[in-house]
Every structure is written in C-alpha cells, then in structure tokens.
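The feature NAD(+) binding site is assigned by TrEMBL to G11, A12, G13, Y14, V15, G16, D36, R41, E98, C209, F210, Q211, K212, R279. Marked as substrate binding site by TrEMBL: 94-98, 153-157, R193, 200-206, 271-272, R377. Residues or ranges marked as active site, nucleophile by TrEMBL: C209. Here TrEMBL flags 265-382 as domain 'UDP-glucose/GDP-mannose dehydrogenase C-terminal'.
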Amino acid sequence: MFEIKRICCIGAGYVGGPTCSVIAQMCPEITVTVVDVNETRIKAWNSDTLPIYEPGLKEVVESCRGKNLFFSTDISSAIKDADLVFISVLSNPEFLAEGTAVRDLKEPDRVLIGGDETPEGQRAIKALCAVYEHWVPKSRIITTNTWSSELSKLAANAFLAQRISSINSISALCEATGADVEEVAKAIGMDQRIGSKFLKASVGFGGSCFQKDVLNLVYLCEALNLPEVASYWQQVIDMNEYQRRRFACRIIDCLFNTVTGKKIALLGFSFKKDTGDTRESSSIYISKYLMDEGAKLFIYDPKVLKQQIVYDLSQPSISEDNPERVSELVTITSDPYEACQSAHALVICTEWDMFRELDYEKIYKKMLKPAFIFDGRRVLDHLHAELQSIGFQIETIGKKVTSARIPYTPAVVGSRTASTEPPTKKAKA
C-alpha cells in the first residue's frame, strides 16, 4: 500500500491550521506543510501569537513546529513535494466544534473519508485511513463515496442547527406562557430518543458552518427540484433570524421603547465561548439592530480584537452602507467594568465563563438606574435572586424573571407594537 510521508494543506484558517497541526503531532514521521496566500496569516502561525484562539492549540503547534510542521506561502513547492494534498480538508469533511477543536481532532466521534469508487479512489482512501489510524480506532473511521461524505457533513450541521432553532422556538412560547425553557429542555432531553445536547436556548447560533451548510442544503434541494425540502431547511435559518430580532426588540421595549442615544454594554462578540471567531456571530446582528435604533454600544470580548469587531460592524449589510456610524456609535473596551460605566443596560451575547464571575454589585453602582441585564445565553441563572436583590431588572431567554417590570408607555398606534417585528431603521434627519 502507498505510504504517505508528506502532506500539504492549502488554507491556514480555522480548519486547516488546527487539523494539520494535530496530524503533525500524532504522526511525527509525516512532514506536514500548511500553505496560504495570506502572508500575514502565515507569519502569525510562525510566531508566538497564533492567528486563531483555540484551547490547547498553541501547545500542539509549538510541540512540532519546525520539526515536522511548517507554515509557508510557497504553495507550488509544497504541492509538488506532497504525497497528499488537503484543500482545507474538504476531501475529508471535518466535524470540529470551535472551542473544542483540538479535543475533537484527537478524540473524534468519527472520521469520514469519501472518495471515488475507482481503483485510484479506493487507494487514496486507504492511504488517508492509514494516516488517521495512527491515533483513531479503525471502528471510528468511516469510508463512503464522495456524495455520501459531503452530504453527511451538510446533514450533520443542519440537524444540529435544527435542534437549536427548535428549542429557540419553544423559548418564545415559554416567555409567553410562564414556562422555563431550561426546565422544558431538561425534561425532553431525558428522553433517550431525543437526548440533551444542543437544546440550549440562546440568542441564536453563529459560526462559519451552521448557516453556510444549511443554505448549501437549501440550494441543493432547489437545484434538484425539491422545493418542499428546501423550504423545510430554510425555516431553520428563518427561526434563527427571528430569535435575534426578537431579542433586540425585547431590549428596546424594556428600555421604554427607545434606545436612541442610550449607552448599552454588550458583553461577548465571538459566536461562542473559547474562540475568537466572530463569523455569523449573533452579536453582530444584535449590534446592527441596536445601532439601527441609534444606541451607543460599548463592546467587550476577552479574545476578539478591536479591529475585527470594527470590521464586522462596518460591512455594508450591517452598517446599512454607512460605515461611519460605527465610529459614532461603537466603542470597544478592554475591560467589562469600563463597558458598563454609566450604561442603561448590560447585554450578554456570548457565554464566556468569566461573565458568571463578575462583581455585579460593583457593576450596578456604575450603571444608570433602572439598570437592566439582558442575558442572551442564560449564564446568570444561578444569580437571579442575588441580582434582583442588588436592584437589577433581569430579562433572559425563555423565562420570565422579573415579576413586576418597571412600567413604560406603550408604543403609539402605527409604530412597532409587537416584539416579533424587527427594529425599524431611523430616518436620517
């Protein structure tokens, strides 16, 4: 059987970098070269400050970089010398979750390898299997044809996104009825046919994979004349968007139907904890809806760089073709307490563990009164009684916390009257 001694990975991003770093660590006899046209990114991979944050990744890279792991912009040479070429491992679909990518690579539920049903394709499959067999049990390595491999990837992410949208739809019902979505999720999750994973209600899912893969599935169904199937999966995306808009509307409603000129502290900008990735983060869209209404945002995230936040909020679809408004309405802070200084409300958009440990009595004293907390990730459930005794008005996903909300004047006829409608963009004077 053909033995692989040199691997080239084209693409040094969130998939290619971690995947090939782990392969290099687990297969010391194989030389792994990761190449990219982005010179800045390659320099970062060769420095002490990696271009992405992932728990455990730095230790993996440092253990084999310069030995059998290399990062380069010389793409043609790397391809010429390689026995096997990964194009961001698309020939070998990944099932990584950011924040646990290193663990997922070292202890995968399964490794899926798809290839052509030709002698050459089968030889390639066997060669790649031999690489993974250095540390993955054979029983966890699945081989399929190419279509089955690619559709398995799309379907897996679609099913996970569907579960999140399903529980988020129930969270809206819980808020209307007085139920607690956490209790509902626990009850249904104990059914072994359903299971408890991905039943955490929140402000919505993000990341590079879920929306992209669901929309790819929708596109495939439409292209193959399966409109009913396409419509079914489109609803997963629509529900996610509804949840984000609903949360933003709730903030505006609670702040007496207007946030114009009001300071709002937004804690967390990455799409989930333990990563610096902001792609399709719900924080971006919550920020957009609040900026549309003229709110002044003070944003803090422990891992996302200032320039990344500004870049995300300056995109035409987010800034309404007015990127200048970001400099007018958004301030990036390096301290959560600074973000909350003189704020009308505190909004948690990412479930960073540190947000559970903040000194909320100190924060309350810094904020304007009445002081609101909008917990979009249910990270403060254990503190509700304490926070209320301090004086906070608390709003969270899928549960009524504040029994007697401070009264406000209802919206006049003709304006936005339902929390299910999106915030309206304010007209320029």
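For all residues, glycine too, the Cβ spot is worked out from N, Cα and C.
Within the same chain, residues at least six positions away from A201 (substrate binding site) with a Cβ under 8 Å of its Cβ are I167, N168, I170, S171, V181, E182, A185, R378, I397, G398. Looking only at the domain 'UDP-glucose/GDP-mannose dehydrogenase C-terminal' (265-382), the predicted model's pLDDT averages out at 97. For the pair D36 (NAD(+) binding site) and F271 (substrate binding site), the Cα-Cα distance reads 25 Å.
Under DSSP, the residues of the domain 'UDP-glucose/GDP-mannose dehydrogenase C-terminal' (265-382) split into helix, strand and coil as follows: 47 helix, 19 strand, 52 coil. Counting only same-chain residues six or more apart in sequence, the Cβ atoms lying under 8 angstroms from the Cβ of E98 (NAD(+) binding site) belong to Y14, E54, G207, F271, K272, D274, T275, D277. Of A97, L154, N157, all annotated as binding-site residues, the residue with the shortest Cα distance to G13 (NAD(+) binding site) is A97. Between A97 (substrate binding site) and F210 (NAD(+) binding site), the C-alpha separation comes to 11 Å. In this structure, A97 is the one among the recorded positions A97, C209 with the smallest number of other Cβ atoms inside 10 Å of its Cβ. Rounded to a whole number, the distance between the Cα atoms of G11 (NAD(+) binding site) and N157 (substrate binding site) is 21 Å.
The local packing around G13 (NAD(+) binding site), expressed as other Cβ atoms within 10 Å of its Cβ over all shown chains, amounts to 17.
For the NAD(+) site, whose binding residues are given in the record as G11, A12, G13, Y14, V15, G16, D36, R41, E98, C209, F210, Q211, K212, R279, the maximum C-alpha distance rounds to 25 Å.
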